[in-house]
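Everything on this sheet refers to the single structure shown next.
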Amino acid sequence: MPYSDDETDDELEVESSEGEEEAPERAPQPQVETRPTDVTWKVKANDRPYHQLPEFKKKVFLCIKKSKYSGNAIKTYKYNVITFLPLNLYEQFKRVANIYFLALLILQIIPEISTLPWYTTLIPLVIVLGITAIKDLVDDLARHRMDNEINNRKCEVLLNGRFQEAKWREIQVGDVVRLKKNDFIPADLLLLSSSNPNSLCYVETAELDGETNLKFRMGLRVTDERLQEDHQLADFNALIECEEPNNRLDKFTGMMLWDRERYPLELDNMLLRGCKIRNTDWCHGLVIFAGGDTKIMKNGGKTRFKRTKIDELMNYMVYTIFALLILVSAGLAIGHTYWYEAIGTKAWYLFDGKTQTPGYRGFLSFWGYIIVLNTMVPISLYVSVEVIRLGQSKFINWDLQMYFAEKDTPAKARTTTLNEQLGQIQYVFSDKTGTLTQNIMQFKKCTIAGRSYGTEEFFWNRYADKKFQFMDHSLVALVRSKKDKDAMEFFKLLSLCHTVMVEHKDGDLIYQAASPDEGALVTAARNFGYVFLSRTQDTMTIREMDQEMTYEMLALLDFNSDRKRMSIILKFPDGRIRLYCKGADTVIYERLSPNSKHKETTQTALDIFANETLRTLCLCYKDISAEEFEAWSRRHKEAQVTMNDREAALDAVYEQIENNLMLIGATAIEDKLQDGVPETIAKLAKADIKIWVLTGDKKETAENIGYSCSLLTDDMEIHYGEDVKDDPQAYRRGKKKTAEPFFPGSNKNALIITGGWLIDFVDMACECEAVICCRVTPKQKANVVSLVKKYKKAVTLSIGDGANDVNMIKTADIGVGISGQEGMQAVMSSDYAFAQFRYLQRLLLVHGRWSYIRMCKFLRFFFFKNFAFTLVHFWYSFFSGYSSQITFEDWFITLYNLAYSSLPVLLVGLLDQDVNDRLSLKFPKLYIPGQQGTLFNYKNFFISLFHGIFVSLIIFFIPYGAFLQTMGQDGEAPSDYQSFAVVAASSLIFIVNLQISLDTSYWTFVNCFAVLGSIAIYFGVMFDIHSAGIHVIFPSVFTFTGVSSNALRQPYLWLTIILTVGISLLPVICIQFLSKTIWPSVGDKVQRNRKKYEMELKEDDDKKKPSAFQRGRRSRRSAYAFSHAQGYADLIASGRSFRRRPQAHGGPQESIREIPRREAENI
């Protein structure tokens, strides 16, 4: 299915507003233009000066122009030696927080308003900027090394009539290059010729789409015949006209003008940069796009940035703190104005020799308090959050329980910014084929001429695939008798109407199918005696029982997700022309002839197959007269050379021949469920996660697959789209919504609906526990996700395994890719990736929940510790004439967030867990607080604020009371400001570290070390910077000489610290005890009975209870049997799909086997 890598949410919304159902009428066929006006990219072979002509220049700056054709050197790095510092600082100061602290630093340099030394802000800011800059530098150095390695690779370029070795960076558009086996392709090339017959070239596209199976590319017949020798290539002077450079990996449209003839160019003629030449000794190519214009580089652009709800909330809270800071600073500045006017002007000892008015002094005091209270906005918050997210991503990558040993595939967090969002998922949108199922197809049943057939064994056919199981004696007897023409046509169609590639190797036939369905159908025909042997550019050879037959292939009408069918037009040995077609019943029945038989019986059989969740295809044929085919063939060739919307033109031509079809029968293929799917869906449902399956299946198939995977249960009331379509209560999108629910009562509801209708029933669907959307296209999948995001403001997750799921994955808040049978396109577009659907429960219920809890706890405590620290200055201002005087020592303010209180809370954000992973899975209800956002919201923020206010009040006033009228043991009163600052700071460090200890649920040695280590670091640093030695070296910087040793030797000051800490922590202990005793949450109950539940889990492991889903019983599976990937029709029709022409087959092959696409790498 062609898809656009850069299709965004906004584009999808625009498309959805235009309506989901496409009009049945086809657009009129575009007329062939001799010279399309929209084609501006022109490439002249072997003519470098041509591309420097003025018409190909573009303005880069003022009057400076350069060629629009890029050189082949690539540049993925951001910085060089000169630009690193300014550019990196510019990027970092795009963040509002960094600009804020830079502004503070500037304010601190102004003597009149500076209340803190400049280094108290500079040191934290430099450390934060430095850490980020070092990370950026390391990343960019790696990009530099990679760029140099790639740009200096060697290849052969045709210069001055002969091939010369050149570096990739020296290649230009229009050059002819020669590549050899295992070479990487240096630019986007038009394949001209190769060492293989018909200029066939095998490429590996792993760097483009992640797939390791080989793809086929071929040159045009004319270039293959005329461009084999060096002198022929040197004389090659064709002009290529094609589309502008773009990021569409699945599409290329162009035209080659050579010797006054025009030849159409398509993607199958192109070798894209990033691919690797395989199984081809040499090939020649013409450079069409170079460097930054190549498709792989165009795909390296910006991806849509996803942000979590907590991110948005955190930003709003920082804005709230900033507003509070301004209000508090303004209030204290007003206080200073009145205080100075009432007291300051009258106190002779406060005279400073300045003639400033009270109002002006208040204005200066405002800026002074902005500086003093700046720690309310935490500078280290964003860096700490990134460290926590990085750690959580590593834990996902390292989780062995999400490692799939069969394919050696670990789970992979492809982003580090969304982990906590995994703990808030409300809707899961899942693909079916390859996601819930294995995408390994088996031919199970069929209906031929109105009669259905079941299963049979194949001992009679020594060439049968031993894995093939189809049990029905009557069909075997019918086929072997050669008396039933319908049965013979049925299997002949299966062996001829496909795009399977065949390769001869060591006497074997190796099949490579575009989809598992096609492979299963060709295998079925082979087992029934209709063996597909070989194909050439215009013939297909099969063995019909004991007779070898060759058919001339006149045209191949390939499958795509809009057509949902494919056809082949063949000329029989007796001269007859016949079209064979297979496709989904919805499109086939529309095109059947009124004279076609067995419509009703076949439809009944299709319904029965669908109820058994089998994937169905209808088979039909049409006899065509020579005159009709000739007329159609002319239109077909015209459409092939159309430059404007060639695909639509071809579809319109296909429509003209695919009509009045005669039905033969239908096939039914089984696709087994993956292990653990029913259990996973049941667990997610218990966690109040609503699961929607988006599939191309029929309604009956979709319903049965829903039951088989436990999405639908017996206690649910099933509602169907056609029943509610005309319901007057179903308010459409945009109309006023009723307060009443659509489904009154407490029953569970499920909705099965066609994709196009769902747009009108989003509210109704969102009330259901499960929704199945059948007959949806890839675009509709993305629209469904977008609608739920937009109208329900819900957190969504999409999971899929194929190219048709890419838009859905990109649209959701979180995209999960499954590395299955359909390549790696979904994985490469995803945020998280793993190999089996069952790992989703662990990703959400364990890692997602833990990440959410950890991040919420971290943020709550981070805000609390900053409020408790900063607001002590607020209380002190009432006793200092609102003069912006600081309470603590300068160095304590500098190091508080960096060294004294950062590590314990950081480790809680990384390691904390309320219950272990097994209990998290046993009790899915533990997930619900994350969906409701109860652990971090504005309520929690203000609780942290008031908690900080309370603690700051205690930290200030208890030492203040203790210092008010005291006398030390030596008769001196240590009630000076500096001793007070040391006692208050020591109390704060103990409170903060003990408070995080109370909030820690999961203790490890590292947590214990961090708490004790932070307290030890505080006292160690404090005694050092209060020592006489450092004061002698820096007398103006370290002014608290001897204060700590003098103050902390007084026992009553230690009693003051203990009293302060005790009063601060006692209310928290009491509240926690009461809440867990009187109003326990689900998590509290599980924690309380943790040991009992762990014993139960151990007993369950010992008993090894049998799974409720018995693998021995018949599986229920689904859908029309076509993948959403386009086949090899263009390649086959061009006749370039063969390494060699097959020899005449005197007898059957020694062995015939089929392998999956992913195993075809070493053909």
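Note that Cβ sites are derived from N, Cα and C of the backbone, with glycine treated the same way.
Positions annotated as active site, 4-aspartylphosphate intermediate by TrEMBL: ASP431. The ATP binding site feature in TrEMBL is assigned to ASP431, LYS432, THR433, GLU518, PHE559, LYS582, ARG615, THR695, GLY696, ASP697, ARG775, LYS781, ASN804, ASP805. According to TrEMBL, the compositional bias 'Acidic residues' annotation covers 1-23. Residues annotated as compositional bias 'Basic and acidic residues' in TrEMBL: 1151-1163. Residues or ranges marked as domain 'P-type ATPase N-terminal' in TrEMBL: 44-122. What TrEMBL records for 151-212 is domain 'P-type ATPase A'. According to TrEMBL, the feature domain 'P-type ATPase C-terminal' maps to 827-1081. The annotation transmembrane segment is assigned in TrEMBL to 93-110, 116-138, 316-340, 360-385, 858-879, 891-911, 941-965, 977-996, 1008-1034, 1054-1075.
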Chain residues in Cβ proximity to the transmembrane segment (316-340) (below 8 Å; excluding those fewer than six residues from its ends, i.e. six or more beyond): 97, 100, 358-359, 361-363, 365-367, 369-370, 373-374, 376-377, 381, 863, 874, 877, 881-884, 938, 941
Sparsest-packed of the listed binding-site residues (ARG615, ARG775) - C-beta count within 10 angstroms: ARG775
For the domain 'P-type ATPase C-terminal' (827-1081), mean pLDDT (0 to 100): 89
For the binding-site residues THR433, ASN804, the one whose C-beta sees the most other C-beta atoms within 10 angstroms: THR433
Helix, strand and coil counts within the domain 'P-type ATPase N-terminal' (44-122) (DSSP): 34 helix, 10 strand, 35 coil
Least buried by Cβ count (within 10 Å) of the binding-site residues PHE559, GLY696: PHE559
The domain 'P-type ATPase A' (151-212), counted residue by residue under DSSP: helix, strand, coil: 11 helix, 30 strand, 21 coil
